[in-house]
């Protein structure tokens, strides 16, 4: 009946609005059962379960063999790690795979069969599950004794496919690779040319004492190439040039030219290209997100205009205000945006909304999130008003910063005076008394600020929460110190009691006091700008951090499989035969003795270095060079580009906007580029809506 159709249209509009808020695609089934399943799938509970499952399957690597559950990573001192019995982690894996199978099944059903074949990510998702389950079965058939587990390398894919922003970022990186490849090729040419020059300059001569550069760094082509590649990262600077420089100062010209051309020009040119290209591709990605939002809102308008209560005589499509209020009541969206839209509807005198009016209402989603601080309490007493004025004034905060600086200076003075003293020779009376005085001042300052501005307003500022939390912790630590060791007095050096010694408790208090000094950041505009830029990167650019986790995880698992057992404790007699026979090479490396004595404390460590170079590092170079290219050359430059972009946008907005003490603006990645994005046209939106595989429009 008409009522059932109206309910369906309302539910469709609710889902389309939620899709627009989350920048999701609207190309999914829109019948009643599918809409219920769709909203259930994207509910907080289901998404939380899926995120927990992904975290769990990634965390298995820490307890699987070889286990990371040891206090120290030094093979000489660590105890044997606990390795779970066969079937424990495998059963957890199976549970995670079952959740992923439900996830991919629901996704595939909701988008439909035709859209499924167009979605490469879903097909890759299914393929990854098939390979992982096959490897899981093989692992159980070998009773968990197999050395290679392919499914462990595939686990980061589950994190990658679960984030639409990570997919867009990966697509942007993939599109940027051709431009980056040209600079990397130029870098390879630079490296190759200087490698040949180095082999000609530092060729072997008759005097073995003068051939230290050749022996250590430029013996052959692979060693020469590796030495200069490491120099490009500055990891072996200046070690690589010391033997040649000792022989002739003029050799330094070669290394200076290599460093200037490689590090100062080519590496920074790579950063500039990545910044320019990646910003363009990220802008396109954000532009598509804006199109999705506008499309979702327009789809909601179209289905609401199909309601039976809409006037038939209307010359153009329109939506009743009452229908929109029903949708807003059901939709899950930010309360700030919902309240703003409702206020706009109440201020509107018309009962019907056109497409342009409907779209303009939801532009509230594109605005910065504004956080207004609660008002200060209004005191009737004249004395309390003066107190409120005095302790709520910015100068009172400046006084607290001066006191905190004086506390830092006093700690530095005592640290310098007691640097060379033994713990038994220290007199902690003065430092303990000074800390007690400053902590009492911090407590008094916090209470007076709460009295002046009220508790709610005080807690609404992040700097106050940071300050107050550290003050409470310092007070608890000071009370614990007095309870265990008594009040400070001359010769205050009691013996160790409780979990921490007196010196440990004093050091902990001093570290917290030093950390508390960061409260000055909000009072320094330029420093606050830098800090807020970094915080925005942490909050809003999680997709890039996610891809970084994927890269680190994949390389870590690959490294475990490649180099497991390569490092053994000293004195271990159960070495593989291939390693034992290489010990003989050590005695052929006597020309390295001077170099070894400069870099290793004993000949044993020099022997281990030789073993590493001769056995492991030949093929390990490929692994570590790939790691350096992806993590350092490409990814770090991408992060620098995004940091610059975020900082430039914040700087521009700071110049345009006056400082508002009671308002805080919060930005998202999409809002970073809001000023340069283009609005989609009416024709583009309607053309896309008519291509919807499951939605039939009336016009």
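Just so you know, the numbers here start at 1 and follow the chain as drawn.
Cβ coordinates come from backbone N, Cα and C, glycine included.
According to TrEMBL, the feature domain 'Ion transport' maps to 68-278, 398-647. Annotation source TrEMBL lists transmembrane segment at 45-63, 122-143, 180-202, 253-275, 395-417, 429-448, 469-488, 508-531, 543-563, 625-644.
The average pLDDT computed over the domain 'Ion transport' (68-278) stands at 85. For the transmembrane segment (253-275), the residues of the chain that approach it from at least six positions outside its boundaries are 176, 179-180, 182-184, 186-187, 190-191, 194, 197-198, 201, 228, 231-232, 234, 237, 240-241, 244, 633-634, 637-638, 640-641, 644-645, judged by C-beta separation under 8 angstroms.
Listed as Cβ neighbours of the transmembrane segment (543-563) (distance under 8 Å, sequence separation of 6 or more from its ends, same chain) are residues 58, 61, 66, 147-149, 152-153, 155-157, 159-160, 163, 165-166, 168-170, 173, 616, 620, 623, 627, 630-631, 635, 638-639, 642, 669.
Across 45-63, 122-143, 180-202, 429-448, 469-488, the stretch most heavily in contact with the transmembrane segment (625-644), judged by Cβ pairs under 8 Å, is 180-202.
Long-range contacts of the transmembrane segment (180-202) within the same chain, counting only residues at least 6 positions beyond its ends with a Cβ under 8 Å from a Cβ of the stretch, are 213-214, 217-218, 221, 224-225, 227-229, 232, 244, 251, 254, 257-258, 261-262, 266-267, 269-270, 273-274, 277, 629, 633-634.
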